[in-house]
Every structure is written in C-alpha cells, then in structure tokens.
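Participant: Once you've had a glance at the structure underneath, I'll fire off some questions.
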Amino acid sequence: MTDTSFKYFMLKKLAWYWSFVELIKGFVITLKYMFKPKVTLRYPMEKGPLSPRFRGEHALRRYPNGEERCIACKLCEVICPAQAIVIEAEEREDGSRRTTRYDIDMIKCIYCGLCQEACPVDAIVEGPNFEFATETREELMYNKEKLLRNGEVWEDAIALRLKKNRPYY
C-alpha cells in the first residue's frame with residue numbers, strides 16, 4: 001500500500017467510525033426522550049397556566065347588586081396611550097354619573113393595563129381570555145354591552161385574579 005492510499009483508507013475508516021458513533025449517540029438520545037414524560041400541550045384540549053397578571057380581553061364589571069361599577073371618571077380614557085377608549089357619560093337623577101357609551105377599539109389597544117390600574121373602582125379589567133379572534137375588524141370594536149357581557153362571563157376568574165394580585169398593588 002502506498003502512503004497516500006493508506007492515508008485515504010484511514011480517513012475513510014475514521015469518517016465511517018465517527019458517522020457510526022454519532023448515529024448510535026443519536027439513537028441513544030432519541031430512546032432516552034422517547035420514554036420521558038411529554039412536555040407538549042395539546043392546545044385546544046389542554047391549556048397551560050396563566051399568570052395572575054396576564055392581560056387579555058377587556059371586561060366591564062358590575063357590583064354584586066347588578067349595578068355597573070363604572071363611575072364615568074374617564075381616567076382610563078385619559079391614560080390610554082393608544083387612545084383606544086372612548087367614553088360618553090351623563091348625570092343621573094341621584095347626582096351620580098354613569099356611562100352612556102363605553103367603546104374600546106381592540107385593534108388600537110396595546111394591552112398595557114394602564115386603564116385597569118387607573119380605574120378607582122376596578123370597573124375596567126383585562127380578563128383571562130386570550131382566545132377572541134374574529135373574522136372582521138368591526139368585531140374588534142367593543143361597545144359597552146359587549147364589555148359588560150365579558151364581565152359577566154369572566155367575573156369569577158377576574159375576581160380570583162384580582163384577589164391574588166392585591167398584595168402587589
């Protein structure tokens with residue numbers, strides 16, 4: 001055997017050996033992971049845990065007696081950096097103010113949570129719902145009725161999250 005053919009033979013043998021060893025290492029890793037518990041969630045059926053501070057779909061809350069919490073102070077409208085909130089209010093016979101129009105443009109909203117922090121009566125909150133995809137842009141213009149409906153649907157989860165989050169405010 002000549003010197004170059006010997007080198008070629010050794011390189012070929014070494015390359016085959018490394019390929020085989022690496023292949024075996026890959027099989028070992030694959031077998032190891034095959035018998036470990038799975039970390040993937042099957043999303044629509046299983047959902048991962050949400051942080052108590054998660055900011056999702058907006059909702060307007062009511063008091064336990066059914067009265068709206070919003071006192072039309074308009075702090076949320078003023079503090080909103082995206083100018084996504086529009087409020088119109090009128091005074092009632094008893095002297096208190098209530099909203100006649102409360103609109104949120106969810107397309108503009110940046111989910112910063114400033115509206116929730118500014119509200120003195122916890123009327124506007126960002127709930128736990130993150131699945132609110134729509135087919136048209138118009139469906140993302142939330143009016144007062146839609147926001148109140150969200151509040152009724154998610155009230156238990158919202159109250160629990162606010163209770164968990166209370167020490168941090």
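Every residue, even glycine, has its Cβ placed from backbone N, Cα and C.
A quick note: this is a predicted structure, and the numbers were derived from the prediction, not measured.
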Participant: Would you identify which residue of Cys73, Cys80 Swiss-Prot lists as part of the [4Fe-4S] cluster 2 site it also attributes to Cys109, Cys112, Cys115?
Facilitator: Cys80
Participant: What parts of the chain pack near the domain '4Fe-4S ferredoxin-type 2' (100-129), using Cβ distances under 8 Å and only residues at least 6 beyond its ends?
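Facilitator: Apart from its flanks, the domain '4Fe-4S ferredoxin-type 2' (100-129) reaches 50, 54-61, 68-71, 73, 75-76, 78-90, 137, 140-144, 147, 150-151, 154, 157-158, 161-162, 169.
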Participant: Let me know the DSSP-derived helix, strand or coil state of Cys115 ([4Fe-4S] cluster 2 binding site), please.
Facilitator: helix
Participant: Which ones, of the binding-site residues Cys109, Cys112, Cys115, have a Cα no more than 10 Å from the Cα of Cys76 ([4Fe-4S] cluster 1 binding site)?
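Facilitator: Checking Cα-Cα distances against Cys76 ([4Fe-4S] cluster 1 binding site), the binding-site residues within 10 Å turn out to be Cys115.
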Participant: Average pLDDT across the domain '4Fe-4S ferredoxin-type 1' (60-90)?
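Facilitator: The average pLDDT of the model in the domain '4Fe-4S ferredoxin-type 1' (60-90) works out to 96.
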Participant: Please report the number of other Cβ atoms within 10 Å of the Cβ of Cys115 ([4Fe-4S] cluster 2 binding site).
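Facilitator: The answer is 24 other Cβ atoms.
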Participant: Tell me the Cβ neighbour count for Cys112 ([4Fe-4S] cluster 2 binding site), meaning other Cβ atoms within 10 Å of its Cβ, over all protein chains shown.
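Facilitator: Excluding its own Cβ, Cys112 ([4Fe-4S] cluster 2 binding site) sees 15 Cβ atoms within 10 Å.
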